[in-house]
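Okay, structure first, notes after.
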Amino acid sequence: MAASSSLDHLSNRMKLEWHSKLNTEMVPAKNFRRTSIICTIGPKTNSVEKINALRRAGLNVVRMNFSHGSYEYHQSVIDHAREAEKQQAGRPVAIALDTKGPEIRTGNTVGDKDIPIKAGHEMNISTDEQYATASDDQNMYVDYKNITKVISAGKLIYVDDGILSFEVLEVVDDKTLRVRCLNNGNISSRKGVNLPGTDVDLPALSEKDISDLKFGVKNKVDMVFASFIRRGSDIRHIREVLGEEGREIQIIAKIENQQGVNNFDEILEETDGVMVARGDLGIEIPAPKVFIAQKMMIAKCNIKGKPVICATQMLESMTYNPRPTRAEVSDVANAVLDGADCVMLSGETAKGNYPCEAVTMMSETCLLAEVAIPHFNVFDELRNLAPRPTDTVESIAMAAVSASLELNAGAIVVLTTSGNTARMISKYRPVCPIIMVSRNPAATRYSHLYRGVWPFYFPEKKPDFNVKIWQEDVDRRLKWGINHGLKLGIINKGDNIVCVQGWRGGMGHTNTVRVVPAEENLGLSE
């Protein structure tokens, strides 16, 4: 116990010492941002020119929100993103499909008119179809048939993101709840319904979601942001729908309710990554507790080595204003300090008046926040928390990051097929960039999910291997990755470069770490 306390004290002292040396005149390297930026593409940004402008500002991942828009519209986003990628060859752009998810909604009001009600007003919430198009101030329809089975007296019901709140007084029968309104507001048509603190049995996917996922598979999207994930089995169901053709699509579980928070460990086991979706989560649980949930989920993802995205209202005021609030900038920086791999913009880039300015502001904020991270402390903590015995890939990842820190290396160059080795190196948060070289174009795109990874697609065909040709191919790829780093200015000539590779051709062989100088050739002729 005493030893543990001593270590904790040393760690805290080092962290405080690191922070005490920060100053506002620091200028981070603008050409190396570790945190990826996800941008929602909407009417204001759906063109090749706009997407290229967002890329120059810092975009890494294009997000399509399937709560809105037709297939024709989303197809145009995909086509524009792919064309933009071609115009900056070698720098992949990932495409994400964000599902609408299963939801509960009210019915239509009489005449589709808003119906005012006051705090204290008592009425019924009903699943009876006779009110589906005739809701009024006495009977409001909701389309969740099992609501009377899962909810109980004393529970809350929020309508329209909590603008209208009800307390359940009584479960009258299998179709009817007696409720009391808690605030003044309007009953309106087709508004979303939340049941905070109530476990619901909605399916993981609606029929629309299934159709949308098939559209995504057909168009070879790189990742799915799966809305309203409540349990680990939801992820398994999504994998079944994606099928063999969609096996490389990364599934990112959006945690948006108390059930998802309660079942987070089992979800984390199944998913490829997590999104802390703070909008709906802040409705389902008390807003001050979202801060705790964010810290917990990001920490568990970091320990597990799975990517985590922080999202919702990060620079919301920049939708209509050229500058963010100080609180918003602090929110972005805090997410980076917490350990988020990616941060996301929604309305700011989808419909905002200042999309490029928002991305630039987010990029600059991430760069400065990354300077404040005590990387040696983070590495030691993650290494101490790694389960023992570790597997080969994780051991090599730890060794590579340790070497990079001790050598003050300019970069870690990793050769990979699936991107898994790059993910594990990213887990241990090196200071230097991770230059990933892969012949797998899908892996180069979805590796934008991993903090610090700069993915490059290696276009040369894989040769028929013997030992000599294999080693030449390895050196060629390493040289190719180093040269790209030199051209982009993320490494400098003469830097020590930590290289991670297989020790021989084929799958399943132990990886090797070696150190080479950053030169234009590694003993190979051009």
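Note: Cβ is positioned from N, Cα and C throughout, glycine not excepted.
The phosphoserine feature in Swiss-Prot is assigned to Ser36; the stated evidence is sequence analysis. Sequence-distant contacts of Ser36 (phosphoserine), defined as residues of its own chain at least six apart whose C-beta falls under 8 angstroms from its C-beta, comprise Asn60, Val61, Asp341, Cys342, Val343, His448, Leu449, Tyr450, Arg451.
Annotation comment: Swiss-Prot describes Arg63, Gly279, Asp280, Thr312 as substrate binding site. Taking a C-beta cut-off of under 8 Å and a sequence gap of six or more, Thr312 (substrate binding site) has these contacts in its own chain: Ala277, Arg278, Gly279, Gly282, Met344, Ser346.
Taken from Swiss-Prot, the feature K(+) binding site covers Asn65, Ser67, Asp98, Thr99, and the record attributes it to similarity to another entry. The C-beta environment of Asp98 (K(+) binding site), restricted to residues of the same chain at least 6 apart in sequence and closer than 8 Å, consists of Thr40, Arg63, Met64, Asn65, Phe66, Ser67, Val224, Phe225, Ser227, Lys254. DSSP assigns Asp98 (K(+) binding site) to a strand segment in the three-state reduction.
Packing around Arg105 (ATP binding site) is summarised by its Cβ count: 15 other Cβ atoms lie within 10 angstroms of its Cβ, all protein chains included. Secondary structure at Arg105 (ATP binding site), taken from DSSP and collapsed to helix, strand or coil, is strand. Residues annotated as ATP binding site in Swiss-Prot, with similarity to another entry given as evidence: Asn65, Phe66, Ser67, His68, Arg105, Lys191.
What Swiss-Prot lists as site 'Transition state stabilizer' is Lys254, and the listing cites similarity to another entry. The number of other CB atoms found within 10 A of the CB of Lys254 (site 'Transition state stabilizer'), across every protein chain shown, is 26.
Marked as Mg(2+) binding site by Swiss-Prot: Glu256, Asp280. For Asp280 (substrate binding site), other Cβ atoms within 10 Å of its Cβ number 21.
Lys191 (ATP binding site) sits 14 Å from Asp280 (substrate binding site), taking the CA atoms of both as reference points. Taking the mean position of the Cβ atoms of Asn65, Ser67, Asp98, Thr99 as the K(+) site, the remaining same-chain residues with a Cβ inside 8 Å of that point are Met64, Phe66, His68, Leu97, Lys100, Gly101, Phe225, Ser227. Each residue contributes its Cα atom, and for His68 (ATP binding site) and Thr99 (K(+) binding site) these two points are 10 Å apart. When the C-alpha distances from Asp280 (substrate binding site) to the binding-site residues Thr99, Arg105, Glu256 are tabulated, the minimum falls on Glu256. Across the fold, the C-alpha of Thr99 (K(+) binding site) and the C-alpha of Glu256 (Mg(2+) binding site) stand 13 Å from each other.
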